[in-house]
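See below for the structure under consideration.
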Amino acid sequence: MVLSAADKGNVKAAWGKVGDHAAEYGAEALERMFLSFPTTKTYFPHFDLSHGSAQVKGHGAKVAAALTKAVGHLDDLPGALSELSDLHAHKLRVDPVNFKLLSHSLLVTLASHLPNDFTPAVHASLDKFLANVSTVLTSKYR
């Protein structure tokens, strides 16, 4: 799904509003995913998945850092996320559906924290962006 110039502007503006809260929102999105979609916990058997866990916060920071990198490389997501794609496809072997579940959880998290900025247009742009990130992360599964 191609991001239009308007989509790119919406994604950059929304992620700019996330700012210093990126790691916090990443962790909250993971917690939300684990609660809403319990089967996703199977990929984290060694984690303490309780609320506020340092491990969930740490992984949330990694998710946020990857998304921040992606926002900075909207015209070259495959290049920016190549190593992460290799990791998830070849080492971690994460079922691709889980990226959609995390994307949904992240959208809900962003909507709850940025209600005035989360317009239908921004929602659509972020959804397209996250779908593109998911596509890139699963591209090496084939």
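Using N, Cα and C of the backbone, Cβ positions are placed for all residues, glycine too.
These figures come from a predicted structure and were not determined experimentally.
Listed in Swiss-Prot for this protein:
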DOMAIN    2-142  domain 'Globin'
MOD_RES   SER4  phosphoserine
MOD_RES   LYS12  N6-succinyllysine
MOD_RES   LYS17  N6-acetyllysine
MOD_RES   TYR25  phosphotyrosine
MOD_RES   SER36  phosphoserine
MOD_RES   LYS41  N6-succinyllysine
MOD_RES   SER50  phosphoserine
BINDING   HIS59  O2 binding site
BINDING   HIS88  heme b binding site
MOD_RES   SER103  phosphoserine
MOD_RES   THR109  phosphothreonine
MOD_RES   SER125  phosphoserine
MOD_RES   THR135  phosphothreonine
MOD_RES   SER139  phosphoserine
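Take the CB of HIS88 (heme b binding site) and look out to 10 A: across all protein chains shown you find 21 other CB atoms.
In this structure the alpha carbons, written CA, of LYS41 (N6-succinyllysine) and THR109 (phosphothreonine) are 18 Å apart. Cα to Cα, HIS88 (heme b binding site) and THR135 (phosphothreonine) are separated by 12 Å. The predicted model assigns the domain 'Globin' (2-142) a mean pLDDT of 94.
Under the three-state DSSP scheme, SER36 (phosphoserine) falls in the helix class. Here the Cα atom of THR135 (phosphothreonine) is found 12 Å from that of SER103 (phosphoserine). Its own atom aside, the Cβ of TYR25 (phosphotyrosine) has 21 Cβ atoms within 10 angstroms in the protein chains shown.
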